[in-house]
Amino acid sequence: MSLHKKKISLFAFFLLTVFTVTLKTYFSYYVDFSLGVKGLVQNLILLMNPYSLIALILSVFLFFKGKKAYWFIFIGGFLLSFLLYANVVYFRFFSDFLTFSTLNQAGNVESMGGAVGASFKWYDFVYFIDTIVYLFILIFKGSWLDKRVFSKKFVPVVMAASVALFFLNLAFAETDRPELLTRTFDHKYLVKYLGPYNFTVYDGVKTIQNNQQKALASEDDLTKVLNYTKQKNTTPNSEYFGAAKKKNIIKIHLESFQTFLINKKVNGKEVTPFLNKLSTGNEDFRYYPNFFHQTGQGKTSDAEFTMDNSLYGLPQGSAYSLKGDNTYQSLPAILDQKQGYTSDVMHGDYKTFWNRDQVYKHFGIDKFYDATYYDMSDDNIVNLGLKDKPFFKESAEYQSKMKGPFYSHLITLTNHYPFTLSEEDADIDKPNTGDSTVDGYIQTAHYLDQALEEYVTDLKKKGLYDDSVIMIYGDHYGISENHNNAMEKLLGEKITPAKFMDLNRTGFWLKIPGKEGTVDKTYAGQMDVMPTILHLVGIDSKNFLMFGTDMLSKDHNDVIPFRNGDFITKDYKYVNGKAYSNKTNELLETQPKDLDKNKKQVEKDLEMSDNVLNGDLFRFYKNPDFKKIDPSKYEYKTGPKGNQK
């Protein structure tokens, strides 16, 4: 055997570097990153996802000649290892992954520097041991390297194989988590399904797109939006303006709740007996049966976003994920600056989901009680996170220790797709539609109703009920059009496109201290909540940019736009380019007189709101009634229960 055959060929060095960097990445998945990996498919994806980009990047250096090619591969491998370790350190400190936007924030970079020493682990040498070995070979054992030119005709084959592997990885990821790239739920999800290197590329592309849109925006764009939204200003209802000044505000988010459940019975038993009682008008709550969600692909995050900012979500993706670093004039920040409210969010999932740990800083939210503040033992968890009953119980305890006035937002989880519940927690029989999603939905909605009743009882016991504004709302539909056949069996009627729009009613219940309950049939949407609450506490909404109008005002605009351009009014609905009667859901033979005007208004609303987000226009807004939020002043620490994944 000749001497050169015993040497390390360039291709062998390439393969070895790809293998060791991938091995370190795989090590980080199970030792340092809490990715919540479950099942064979997710483990297979995890095994697959680092290879493609590592191989694609390093294969470029196979075009070079001699020792220089070895050095380039080494440097490429080192930079990938450095990126991996930087993410490891950042994750240990922030439970999240590095993005270009976080690197642009000085506070994060400074924290990163301090975090290295504080979070160093004894096994961290694993991330660089191969680097040390390769460096030793390149400097001291150059004779081990085969200097012959590598055949370049194989390089495109290697690159093509890397690209093919990426698309195979993406296909598996989309199968296990549909709409992964469009909805961008959580950085952890993206890393779990794509790997840290592909995530960095994805984040870079999104950052460039956002920066380009921002660069083209100007103060003139903001002026156009302000001139448009000023036309929406409503005169406050004198009976309600200031009626809840400096009262605590409790906002309760009912996951995937739709109002077809109200007064619905299954096998003779009410699905939501407590909410049924609140919907009569005989209790303390003002019930809006014609309240619609206005979410897009961001679903839950869109509902939060719209209700706290009176802006629409994006046409694609989630504003939380894609526009989380924008400047905002949010409801909690206005309440703080004008009336001294503190604000918090309570949620039985971890803070990085939907990028909440970053977005909330830009909303000026003071505290985030995420899963690390709750008992996340196995008995308390179902589906995506903490069950609603223990969630509400622990949340009420936290709230009882708060000083008012506070704005507290509780986000439930149990009534979430795929609507699974243990036999122990299920207190109503499933219907027999033949569709496990629809059948399960009845059980989880019933459980949610029970949990809500227990929570309201706790508020009364702790003295928080009487003097608080309480909002209860459904965030978005739970049952999609894919389940129309089962829904027809459950409801006993045909689900037409017009009927499906009716099913987008998610309900809104509003308790105002000192005011009697009623059933208010006003047509309204999530966009209208922010101006309504501002007027209730005595803050005029005309001083702020909003697309919604006060539901209690006589000037309220009852044209309710949806993110896809459809809309509904008190008389008719516009679905897929056709107008239907609200009373009969039949196609209208004569076009409503105000149809064209309303279509233009809806299109303009969506366009203007998109301009605000894409151009980050609030950064230009010099509002004398509002001081810009400084996100660096907010930090959401890990709770006393810690990360229990």
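Backbone N, Cα and C atoms are what each Cβ position is placed from, and that goes for glycine too.
What Swiss-Prot annotates here:
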{"type": "TOPO_DOM", "residues": "1-7", "note": "topological domain 'Cytoplasmic'"}
{"type": "TRANSMEM", "residues": "8-28", "note": "transmembrane segment"}
{"type": "TOPO_DOM", "residues": "29-43", "note": "topological domain 'Extracellular'"}
{"type": "TRANSMEM", "residues": "44-64", "note": "transmembrane segment"}
{"type": "TOPO_DOM", "residues": "65-70", "note": "topological domain 'Cytoplasmic'"}
{"type": "TRANSMEM", "residues": "71-91", "note": "transmembrane segment"}
{"type": "TOPO_DOM", "residues": "92-124", "note": "topological domain 'Extracellular'"}
{"type": "TRANSMEM", "residues": "125-145", "note": "transmembrane segment"}
{"type": "TOPO_DOM", "residues": "146-153", "note": "topological domain 'Cytoplasmic'"}
{"type": "TRANSMEM", "residues": "154-174", "note": "transmembrane segment"}
{"type": "TOPO_DOM", "residues": "175-645", "note": "topological domain 'Extracellular'"}
{"type": "BINDING", "residues": "Glu255, Thr300, Asp475, His476", "note": "Mn(2+) binding site"}
{"type": "ACT_SITE", "residues": "Thr300", "note": "active site"}
{"type": "BINDING", "residues": "His416", "note": "substrate binding site"}
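Structure with Swiss-Prot features highlighted.
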| residue | record | CB count, 10 Å |
| --- | --- | --- |
| Glu255 | Mn(2+) binding site | 24 |
| Thr300 | Mn(2+) binding site | 22 |
| His416 | substrate binding site | 22 |
| Asp475 | Mn(2+) binding site | 26 |
| His476 | Mn(2+) binding site | 21 |
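Glu255 (Mn(2+) binding site) sits 6 Å from His416 (substrate binding site), taking the Cα positions as reference. Distance noted between the C-alpha atoms of Thr300 (Mn(2+) binding site) and His416 (substrate binding site) is 10 Å. When Cβ-Cβ distances below 8 Å are used as the criterion, the transmembrane segment (44-64) is approached by residues 10-11, 14, 17-18, 21-22, 25-26, 29, 35, 37, 72-73, 76-77, 80, 150, 152, 154-155, 158-159, 161-163, 165-166, 168-169, 172-173, 176, 192-198, 201 of the same chain, each at least six residues removed from its ends. A Cβ within 8 Å of the Cβ centre of Glu255, Thr300, Asp475, His476, the residues given for Mn(2+), is found for these other residues of the same chain: His253, Leu254, Ser256, Phe257, His293, Thr295, Lys299, Ala303, His416, Gly474. The DSSP secondary structure for His476 (Mn(2+) binding site) is coil. Across the residues of the topological domain 'Cytoplasmic' (65-70), the predicted structure has a mean pLDDT of 86. Asp475 (Mn(2+) binding site) sits 11 Å from His416 (substrate binding site), taking the C-alpha atoms as the reference points. DSSP assigns Thr300 (Mn(2+) binding site) to a helical segment in the three-state reduction. Helix first, then strand, then coil: DSSP counts for the topological domain 'Cytoplasmic' (65-70) stand at 5 helix, 0 strand, 1 coil.
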